[in-house]
Amino acid sequence: MESGLSARDRVGVQDFLLLDNYTSEAAFIENLRRRYKENLIYTYIGSVLVSVNPYRELEIYSKQHMERYRGVNFYEISPHIYALADNSYRAVRTERKDQCILISGESGAGKTEASKKVLQYYTTMCPTRNNTQSIRERLLQSTPVLEAFGNAKTLRNDNSSRFGKYMDVQFDYKGAPIGGHILNYLLEKSRVVHQNHGERNFHIFYQLLESGDGALLKRLGLDRTNPQQYHYLVKGNCPRVSSISDKNSWKVVSKAFTVIGFNEEEVEELLKVVASVLHLGNTQFGEDEYGETHLTTEMPIKYVSELLGVEGSYLSEALTHKKIVAKGEEMIGPLSLEQAVSARDALAKAIYGRTFTWLVQKINQSLAFQDEVYYTSKCSSVIGLLDIYGFEVFQNNSFEQFCINYCNEKLQQLFIELTLKSEQEEYEAEGIGWETVEYFNNKIICDLVEEKFKGIIAILDEECLRPGDACDLTFLEKLEDRLGGHAHFVTHKLANGKIRKAVGREEFRLLHYAGEVNYNINGFLDKNNDLLYRNLKEVMCQSSNQIMKECFQTDELTDQRRPETAATQFKLSLAKLMDILMSKQPSYIRCIKPNDAKQPGRFEEVLVRHQVKYLGLMENLRVRRAGFAYRRSFEAFLQRYKPLCPDTWPNWQGKLSDGVSTLVKHLDYKAEEYKLGRSKIFIRFPKTLFLTEDALELKKPTIGEREKRLIMIQSWWRGVKGRRRAKRRRQAADTIRNLIKGFILRNEPRCPDNEYFLDHVRFSFLMTIKRNLPKSVLDRTWPRPPMRERGRFTQALTHFLFSSQLEQKVVASGIFRGQKDNYPQSVPRLFVGTRLSLDFIGGNESKIKQRIDYSSLLGISVSSLSDGFFILHVPPADSKQKGDLVLQCDHVIEAVTKLAVMADKIHSVNISQDSIKFAIARGKEGVIDFTYGAELRVVKTKNGHLAVVRIIQSHTKPINHLDKILSL
């Protein structure tokens, strides 16, 4: 990232932490504008990624770009969504700690596209298993299906997500994606029956009408000629969007259905439900001369009853009458015209909303990892993706905006808490003093909304449930009575003269962390109740449509409890979401839209300032800059700036910390400008870093010639090493050919074609005797000489080369070669049948303390060092086991290889670079940390971890024909 500092006057800084005037909102927005004009849409605030929607395709998402960011330090190159995705993935792999990526922003800011990019990175760049390709496809194809049923055209966005989505992507031991799970939040069901001016209903309705084949549409009773003839599609008075885009989208959705695993029957049943909603919207009512409500249209209700498999007369009756059960008695009363329309709309919303929930569950079944024992153990890790609505402020804000903004209050609270926690943990880990940071704690606003018995949701529920004539206005009066005087709540009645003009008589205002929002109370009670008349439920429970059977179950009719209100359901699901996010290590993507016209290159400062405020970016920047603006590892800092000091150029031979200390003293850093931690340097002021970077720019011409000479030397040396490597490969190939040819001709008289092999046999025999000289001539382990027992010896050698010994050696090579330090020493050592003593086998000395069936073994973990520790992972639910087993063996390569082969867990051996977690009894977890040191030690550290310190060993490669074979 530092490479971009030299161009900061033109393109701004790549990390807002490096802004001199970091408290200035104007400086923040100007930095965004500079970068946006140069098509640099990504900028960091520390580990937070700020993304500005370019409203056009940029050539920065190819597989080559993915490769560029794969395995690279987060700050090493320019900001990118792939850098954040890779950083989370590497944390999962190395730290074995679940991650989550929180994506937020206004509608049209690019949240859904950001989520797709992250998912695409994981499905493209992660390693594969034999059965994971289909999972990758399903993870990707779940998006177009959910977009078809959950997205719509709005004034701000042609593909606006009208629901919140949290997706878990599950990874196995090797880091391959093996499954997923989706949670959905607050689908905007009201859009089914009403759209604001200039907006559309959900995409699926238009896609079906535009591109369903004629026979299908005929079976559904639909006409493709004009979507405007359907009552639920004309409420927004939206001009017809290009049918080409709907047709193309439908092709994508149809393919996605197939990939996910829907059969033709399920797809048609689903489309029947979609069509029934359109016909239900065309069902009209009137009043007869006696004032009773009746249906004025016959065909729509006929289609609805046929498509849903319900009795038409019962449905007609349920739409014009309501059933009340009181004290065991049923009473049926007529509905007014207005009530009948409301009942029709309530049924349409219930059908669509429950179908969407069914669709998510169906997708989850497709994404679920089948090996439940494997998943429920600690063998898999998770990265969560949260694509949630951003803070919303419209001309008219209703119940939906109230819930959405409440959600954003909770996320902001979590955001600041976790940011502070992360900062404090880093400072403490590096031994840097932590100073308390003052910030606005929005808990007061969250409590105002959610507090039990006292909050707005509690008062709303109370008003919905109380007997009598409760209405939206009585709800507003109760709010004024209970919350009057709260610093963050005001109404027209409670406000002073100036504010009163800005708050309507049917509105209340909340002072959110992001600003003031007026909420219109009309519809609050109805939307919160979200009730469906009992007789309509009874009709739907009799449906023969397979989807409706699952969505409307008879248990609802016998359950006497009143269902939870919409606000309470949302509050509880939000609490569960907060628990999920708190259990994971978070990363953040904050999406910003630069203009409302969706035009590339256009940057509207007022609109951007509005979003910077609502996303809490300045507050986050202030928290991160409360201490040090810049921090880097000693290695990265020294590698970049070592040319500035004669003592560190071209290479520093001592400790990294001493090298950095020498460098900063030469640069004349003042004591107040920096601090050295245990592994990082912390620089307080951006100006200090900028001066250092400018000095490096001036130095580059003078070190250019040295670099050229160095490059030439490096090139020459690479050539030498390459030629040596090629020579070794040729020699190894010749050796293999000679061995194979000699083996084939082993029974022939000695000749040039078999003499190498015969000599090798004799040599091996002599070396075996030298290493394993029997104690007695009568010892049964005495090797048979090849010349006396030629046939048997040849048979034994054949068995060795091509049977279990070689198989096990090949398996060991696949698992450990290049991964574990002491593997090269194991290559020339034969694996034996048993290493137990005769006394042990006879049971004279020891007894079995714990027995593990091969079938129950979940996986094996070892370190990459030369120690002999290994961990056997067993199911936590097995009452016979006391947790994972931590074992030590002098022949760890042999032991783990044999276990992996016998238990069929060759692909479940995890080799960790630094630490291994293991399960202990009662659900507890232990950690073993592996490090290099001057002497071999096994100690328990202050944090409760077990520390294994190994002596650094030289990796000498043994000279052995088998090793050459395995190496190739």
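Including glycine, each Cβ sits where the backbone N, Cα and C put it.
Summarising the annotation, TrEMBL assigns domain 'Myosin motor' to 12-697.
If you look up TrEMBL, you'll see G105, E106, S107, G108, A109, G110, K111, T112 marked as ATP binding site. When other Cβ atoms within 10 Å of the Cβ of S107 (ATP binding site) are tallied across all protein chains shown, the result is 18.
Sequence annotations record features per position, and here TrEMBL assigns region 'Actin-binding' to 574-596. In the predicted model, the region 'Actin-binding' (574-596) shows an average pLDDT of 91.
Per TrEMBL, the feature domain 'TH1' maps to 762-952.
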Mind giving me a neighbour count for G108 (ATP binding site)? Other Cβ atoms within 10 Å of its Cβ, every protein chain shown. 22
Helix, strand, coil residue numbers for the region 'Actin-binding' (574-596) per DSSP? 9 helix, 8 strand, 6 coil
Within 8 Å of the Cβ centroid of the ATP site residues G105, E106, S107, G108, A109, G110, K111, T112, which other residues of the same chain have their Cβ? N53, N157, S160, G390, C591, K593
Positions on the same chain near the region 'Actin-binding' (574-596), where near means CB under 8 A and six or more residues out: 32, 36, 45, 47-53, 55, 81, 84, 87-88, 91, 95, 97-106, 108-111, 114, 156, 166, 183, 185, 382, 384, 386, 390, 406-407, 410, 414-415, 418, 602-604, 607-608, 611-612, 615, 617
How many other Cβ atoms are found within 10 Å of the Cβ atom of A109 (ATP binding site), counting all protein chains shown? 24
